[in-house]
Every structure is written in structure tokens, then in C-alpha cells.
């Protein structure tokens, strides 16, 4: 679907869905472990870093219109060095995508049907995403447009339906440990926003305008808003200490919601939409992986590469960790691994691109 284009509004939707979809169920536990009742402050700080990260990719596509991160690397660093960087980035896309897939499976095993073999969930998750990629970018973007308002309404509804359960004293005293201490353990939270790195293989399809940057920031802004709602709702209803001990705080939060005594299984509705959101995120990383592989190895038809990459995703996700505890431990202890590819490498690419651009201009002037 090389002829497909993504509008600014669709870019905003993709940014929100990619960043929100997997972390929102366990984010409250992560931030309250590191910052206690001031977890909301960590979310705001991490969100600002997330906005900076997404602007790196917007800046790159302005310098190199209609080019993906892989194509930009080849132009900035040459075929050899750029090729090495691209292979490493391809590895990261596959690696992070398989981590998200394992998150999806671990939740199903813990809360839906534990007796189902792990491989069954892995295959189901990847078949849906692979079929979407096979249909093309246009189909994927249109599906995301349908999902977005429902997801937005769902998480706002959670906050509204728990208002009668809140205890505002659970937030007091505010920032009692100062402005710096709550941010010491913020790296894992920043990486949740950094998951947007896969947009670097989609942003070349965006029909860029003067407002593209605003829409990109807005997408990350919606993510910050939804994360804040979830974290604040969890702390205000359950307290910071109880939230930090929950595996999926939002799941515990919504299990107490009852609408007029008629709808008392609101958790089923929320989980269903959360799983659909995860499908968008997994599909985004599968797209980034197949697109990168096609451009690196000069494969014209991505349909030839989808099946091998899907197999790698499934095998990698299966043998990454033994369970959810190992998964969250890895996220907490190896946040810099993720952040390196999400922010540091793209920032270096942008800096080298700017230097090369300035050097070319000076060369033209002197000649």
C-alpha cells in the first residue's frame, strides 16, 4: 500500500493507541511503586519526554520527506553504517513487538482462561495482526479510527463511574518528597511513551502540513490525559500502597463498578476494548518490522516476509520470560535498553542529519 497516505488526524489517533494500549492496565502499579501518591507527577514528566521523542520523528520526516527511519539512516550514514544501524533497529522492532505480544498473552492467561495453551494465544494474536498487514496500511488506519473514540470513552467512563468511591486525602500531602525524588524511578514510565518509536516506519506515509507537529503532540497529550485519569483514579479509590501491590490496578478498579445494578460486569467491556487496542499496537510493530525488513533486504512485496517475521514474533514471545513477574521485572530493571532505541538512537540520527544538512549548505555557499 505504498500509495496510502495518513492524515494528521489519523497520525494523532495512531500515536495515542500505540502508547496507551498495553501500559494502561499496569501503569498505576509501576508509578506508585516508584513515586507513591505522587505517581501522577511522574506521568506528567514522562509524558513531556514522550512529546520530545515524537517530535524527533516529526523533525526527521520534515528533513527527509516521505522517507522512513530505515531510508533516512541510509542517506545520513551511508549504505554500510546505515545498514548496520537499520539491522539493529529491525531487531528492536521485532523484540519490542514480541514483548507486547507476551503482555497480551500473560493477561489472557491470568484473567481469562489459564488452561489454554500459551501458543494458542500467541498464534491468535499474530494471525489477526498479520491479516491486517496483508490487507494494507489503509485498512489498518481505518480500523484504528473506529477503535479510538470507543477507547477514549471507555477510559473516561472509568474515571467518572468511580467518582463516588474517591478519597482525596489519599493524594495528600502533595509532593512531600520534593520535585526530584519522585522522578528517580521514571525511566520505565518514560519507555511506555517511547513505545511510539514504531511510528518512525509509518510517519513517511503522513501527508505532512504545518499542523503535523501539533497533531503529533496532541496524540501524546491524549495519552498523558488517559494515563493521568487512570493513575489518579487508582490512587484516589484504592490508595497508593494498595495500587502498587496490584498486578493490574485498573482491573481491580473497574471490578467495583456497577451501573444501576444492571451492568455490574463493566470489567468485561473494558478488557474487550483493551485487547482491541493491544491488537493495534502489535499490528503497528509488525508493520514496522515488515516495512524495515523489506527496505533493508530490498523485498518489493511485503507479503513474502510477513510469515517469517510472524514466526519470529511467536517464538520470541514464547521463550522471553517464564511469566508475568519476570516480564515486569525485566521492564523495571532494563528500562535503559528500551530507552536507548526509543530516544537516544533517534536523537543521534537527528543530530547527524542536521549536521550533514548544515555541512551541505555551507559547501554550496563556499562553492
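Here, residue 1 is simply the first one shown, and the rest follow in order.
Positions of Cβ are set from backbone N, Cα and C atoms, glycine also.
Per TrEMBL, the feature transmembrane segment maps to 12-29 (among others). Proximity of distant same-chain residues to the transmembrane segment (12-29), defined by a Cβ-Cβ separation under 8 Å and at least 6 residues beyond the stretch ends, is recorded for 6, 39, 43, 50, 54, 100, 103-104, 107, 141, 144-145, 147-148, 151-152, 155, 189, 192-193, 195-196, 198-199, 202, 215-216, 218-220, 222-223, 226-227, 230-231, 234-235, 243-251, 274, 277-278, 280-281, 284, 328.
Note on the transmembrane segment (41-64): residues 15, 19, 27, 31, 34-35, 71-72, 75, 175, 179, 182-183, 185-186, 189-190, 192-194, 196-197, 199-200, 203-204, 206, 208, 212-213, 216-217, 219-221, 223-224, 227-228, 231, 342-343, 346-347, 349-350, 353-354, 357 of its chain, located 6 or more positions outside it, place their CB under 8 angstroms from a CB of the stretch. The annotation transmembrane segment is assigned in TrEMBL to 41-64 (among others).
Residues annotated as transmembrane segment in TrEMBL: 76-94 (among others).
Look at TrEMBL and you will find 118-140 (among others) tagged as transmembrane segment.
For 152-171 (among others), the entry in TrEMBL reads transmembrane segment.
According to TrEMBL, the feature transmembrane segment maps to 183-203 (among others).
The transmembrane segment annotation in TrEMBL covers 215-237 (among others). Panel annotation: around the transmembrane segment (215-237), residues 8-9, 11-16, 19-20, 23-24, 27-28, 31-32, 37, 39-40, 43-44, 47, 50-51, 54-55, 57-58, 152, 155-156, 158-159, 162, 165-168, 170-171, 192-193, 196, 243, 246, 249-250, 253, 256 of the same chain, lying at least six beyond its termini, place a Cβ under 8 Å from a Cβ of the stretch.
Under the heading transmembrane segment, TrEMBL lists 257-280 (among others).
Positions annotated as transmembrane segment by TrEMBL: 304-321 (among others).
What TrEMBL records for 336-355 (among others) is transmembrane segment.
Sequence-remote contacts of a segment are chain residues at least 6 beyond its ends whose Cβ falls under 8 Å from one of its Cβ atoms, and for the transmembrane segment (76-94) they are 69-70, 197-198, 201, 285, 288-289, 292-293, 295-296, 309, 312-313, 316, 341, 345, 349, 352-353, 356.
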